[in-house]
Amino acid sequence: MIHTDLCIIGAGPVGLFAVFEAGLLKMRCHLIDALPQVGGQLSEIYPQKPIYDIPGYPEVNAQDLVDNLMEQAKPFSPTFTLGERVDHLDKQEDGSFIVTTSDKTKVHAQVIVIAGGLGCFEPRKPVVENLELFEGKGVTYMVKNPETFRDKNVVLAGGGDSALDWTIFLSKVAKRVTLVHRNETFRGAPDSAAKVFDLANNGKIDLILSANLKELGGNGKLDSVTFVDKSKIEIKLEADYLIPLFGLSPKLGPIADWGLSIDKNAIEVDTRDYSTGVDRIYAIGDINIYPGKLKLILCGFHEAAIMMHSAFKYVYPDQKLSFKYTTVNGVNSF
Amino acid sequence: MVNFTVEDQEGNRQECEAPDDMGFNLMEILKAYEYPILATCGGMALCGTCHIEVLEGKDELGQATDPELDQLETMPEYFPTSRLACQIRIGDVLEGSVLKLRGEDQ
């Protein structure tokens, strides 16, 4: 069990800045994010795009902003659980919470800060009957441990960069790799596409183009994948694993089940301190909604500062909070 | 004003109109009509949540742009007349078109 003062759900820009604001008040943070890296949609969707409305930065590259926020949070030694989704929040008798993730990591915290953006990024799933039936039994949307695929028959579906990259990587590990793509060409990185064609020409992988997933077979565990090509001919492949790689899309997910007041996929908050209707749970950034809400990073930063001053009373119930400027007091690390 | 028809994920159709002189894109108009479009990336053709299929009017609307095709390529399904609404500027080309929402329903 990880013990912390605040558990921040979502390691996007607002979650990261919240660590800094908490740190100024001597509160420790543990962050959890469903993505395998910090930065939220900035790192996942548009890392190389410029942002023009961060105060003090006429222009800043999205990934640079994330890197700077990490640097700014560093004095307060935040800890992270990445690549895991928060599934449960359990209130304890003393008012604190135990958070449980999809991988059963447990975090004990006095206060919960939901900075979940638009929700957790989850894999987009192809429309195939029985897909859910084989999830975890051969169908997987992420390559967490490549060793899982050693000496196995692996079928990948998709045409983006991750499909190309994993095809190249797994060709060295798996018994046989087949990449199935619905077009004749790839629009991903030309180098990766060329490598994939090379591997296919040299018989190292099988490449099936202009084909679409049709059905999955197996008895309790995946053993075959059937595709249909452009001539409507069915191709059935032996498969221990199917890895559909069609990008990620945000979903509100389990947050909807935590007894919070939800409106249009966002959590309603009190604008005095961005608290939700549930004691000790706050929501900041794009995940919250209130009259006049603007989904801007800079608004999330403001919300983080305000809410930390409110959360202080739960972490230090016997202390009086006095407001201090960093220009006077500096940033005292811990 | 420009008039067009939108069909939602359940097949319900609605006549919509949008001003063609304010620089809006189609995604913004669909959101204004409260269709369940996330528009995660805010209009950069990077998330695919405003995916639509052009049922009528494809010749006027033209081909998807390169950034759209890059995004559509990564998605589980797309159609010969798929577009991303955020990349379609409101203008005469939309007049009389029929568009089906394909973005993931939230």
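Each Cβ is built from the backbone N, Cα and C atoms, and glycine gets one as well.
Whatever TrEMBL says is automated annotation, not expert-curated.
Here TrEMBL flags A:5-292 as domain 'FAD/NAD(P)-binding'.
Under the three-state DSSP scheme, A:F121 (FAD binding site) falls in the strand class. Within the same chain, residues at least six positions away from A:F121 (FAD binding site) with a Cβ under 8 Å of its Cβ are A:A34, A:L35, A:Q41, A:E44, A:L248, A:S249, A:P250. According to TrEMBL, the FAD binding site annotation covers A:D33, A:Q41, A:Y46, A:V86, A:F121, A:D286, A:T327.
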For A:T327 (FAD binding site), the number of other Cβ atoms found within 10 Å of its own Cβ = 6
Query = Cβ-Cβ under 8 Å from A:D286 (FAD binding site), same chain, 6 or more residues apart: which ones?
reply = A:V14, A:G117, A:L118, A:A266, A:K295, A:G300
Key: Secondary structure of A:Y46 (FAD binding site) (DSSP, helix/strand/coil)   = coil
Key: Cα-Cα distance maximum in Å, computed over every pair in A:D33, A:Q41, A:Y46, A:V86, A:F121, A:D286, A:T327 that the record assigns to FAD   = 38
Nonlocal residues around A:V86 (FAD binding site), in sequence order (Cβ under 8 Å, 6 or more apart) = A:I9, A:I32, A:V99, A:T100, A:T101, A:S102, A:P254, A:I255
